[in-house]
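Copied over from TrEMBL:
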- 13-24: compositional bias 'Pro residues' (COMPBIAS)
- 1-32: region 'Disordered' (REGION)
- 62-81: transmembrane segment (TRANSMEM)
- 117-136: transmembrane segment (TRANSMEM)
- 157-175: transmembrane segment (TRANSMEM)
- 181-200: transmembrane segment (TRANSMEM)
- 242-263: transmembrane segment (TRANSMEM)
- 384-406: transmembrane segment (TRANSMEM)
- 412-431: transmembrane segment (TRANSMEM)
- 443-462: transmembrane segment (TRANSMEM)
- 482-501: transmembrane segment (TRANSMEM)
Amino acid sequence: MGETENHHHHHPPPPQAAAPPAAPPNLALSRGPTWTPAEQLHQLQYCIHSNPSWPQALLLAFQHYIVNLGTTVLIASNIVPLMGGTHGDKARVIQVLLFMSGINTLLQTLIGSRLPTVMGASIAYTLPLFSIINDYNDEDFASPHDRFVHSMRTIQGSMIVSSFLNIILGYGRAWGELTRFFSPIVVVPVVCLVGLGLFARGFPLLGNCVEIGLPMLILLMICQQYLKRIHSRAHLILERFALLLCIGIVWAFAAILTVSGAYNNVKPATKQSCRTDRSFLMSSAPWIKIPYPFQWGTPIFRASHVFGMLGAALVSSAESTGTFFAAARLSGATAPPAHVLSRSIGLQGIGMLLEGLFGSLVGTTASVENVGLLGLTHIGSRRVVQISTAFMIFFSIFGKFGAFFASIPLPIFAAIYCILLGIVAASGITFIQFANSNSMRNIYVLGVSLFLGLSIPQYFVTSRTFDGHGPVRTNAVWFNDILNTIFSSPATVAIIVGTLLDNTLEANHVEDRGIPWWKPFQHSKGDVRTEEFYSYPLRINEYLPSRFL
């Protein structure tokens, strides 16, 4: 990471922007040091294009696979039973989700954002799914399994059509043009809420089984942060692999509790959360099964359902954008420029088209918890994430092995998310260093977009009925679906509110908003390092028309 110091003369030095204009000289210095803004984090052991040794890289990649697995299993376990699917269907859905996760992650790290982000299953798609489930609940089917297959085919059709929205937004450069309206003041709430917005996946999920989740949370903190001080050798091992170690210990503990009969006489919900044999994935997963296109049958296209999916496609783009900023920060890269965000959203659309063809349950978005893992292990290497795709694809084809890890109780994952999502939220706060944090206008924009970004989705989520109807209830179901989906996403609300306020409220100085720092990173030639982090591999760019670069 030594190359970072040499490039500072290519754009206006940020410290001037950070100092309030009328401050008396040296007041701060008399009290201690001040920190100059740093575009790249310098405390990473491996940044985006440096690689750990192969044995370490394999273990770290496996860690990424495990972290991504939690959300996948969570979404499948919540939705497949509602659709009328059996345990076998659930196992197949998890396999397809993992398979598509692997393919999309590989595509994104090679020709998309080029950032070390895992593309994981997205929660945003659950609302349109509920409206599909509701529609089919009223119809008569020969068996619940028929209803499940019918629902899957409808999801396929909706995803195939709505994927073109992202393809057009991305490769038509529209998304990049939108991100030019951002400034550090907008990025702070967006990245913060990408992490904080998932708070329901933290302690509320952990609380379903406190006796497993809490030890995991405490053990992870102690192992990863405190025990590493004991010995220099322990420092390296624990900082990087404490997560796997703790999962192993707590999972074994949960298995002992299950076998010893601690959960024999408890509520069904507690059994579901705490027992290690409650997912029934091991018994129902096939030994070998390769996902193939149209595996549930031909897609069904229904206009009303397509519109709901369009909302989810927009939301997953907005959330991915926030996650990409966090990933750039935590992997030691500079902020992603507009053309990179455009092409990554376009590629996400292509990924969504593939998911529609292969019959995935939900679309993918950049996985927030895996970005948190970069910050936890201090390793932002792109190769590690590329290797993790091999684990995803392998375990999705050899179902029994994948099912073994997929049966880790969810409260264990929730404990991990408590830490990982927090790291992502905090990485968002660091963007404030490039703007004037003493400006009252900035405090207003930040405060309002942060608060509304948490508060509006909370209203939309809590006033949703059991069958998935949100607070917007007009006669047009598709209209309800779009609005309910968009406003249930904290990051999307933050983008809307933050961009509007930041671009319409007048600033005293252009430096207050951090624009002089922001401008160079918006253009492909604006900063020397952009080429270094975001250019295509293997000289692909020599064969592409220049407007795509």
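Backbone N, Cα and C atoms are what each Cβ position is placed from, and that goes for glycine too.
Values in this document were obtained by computation on a predicted structure and should not be read as measured data.
Below 8 A, the CB atoms of the transmembrane segment (62-81) and the transmembrane segment (181-200) form no more than two pairs separated by six or more positions in the chain, fewer than 3 in all. Away from its own ends, the transmembrane segment (384-406) comes close to residues 51-52, 57-58, 60-62, 64-66, 68-69, 72-73, 91, 94-96, 98-99, 101-103, 105-106, 109-110, 116-118, 279, 281-282, 284-291, 370 of its chain (Cβ-Cβ under 8 Å, at least six residues beyond either end).
Within the chain, the transmembrane segment (181-200) has long-range Cβ neighbours (under 8 A, six or more residues past its boundaries) at 123, 318-319, 321-323, 325-326, 329, 335, 368, 372, 417, 421-429, 431-435, 442, 445-446, 449-450, 453-454, 457, 461, 489-491, 493-495, 497-499, 502-503, 513-515, 517-518. With Cβ pairs under 8 Å as the measure, the transmembrane segment (117-136) is packed most heavily against 482-501, out of 412-431, 443-462, 482-501.
Taking Cβ pairs closer than 8 Å, the transmembrane segment (412-431) reaches residues 67, 69-71, 73-74, 184, 187-196, 198-199, 201-206, 208, 212-214, 216-217, 220-221, 243, 247, 250-251, 254, 322-323, 325-326, 329-330, 368-373, 375-376 in its own chain, all 6 or more past its ends.
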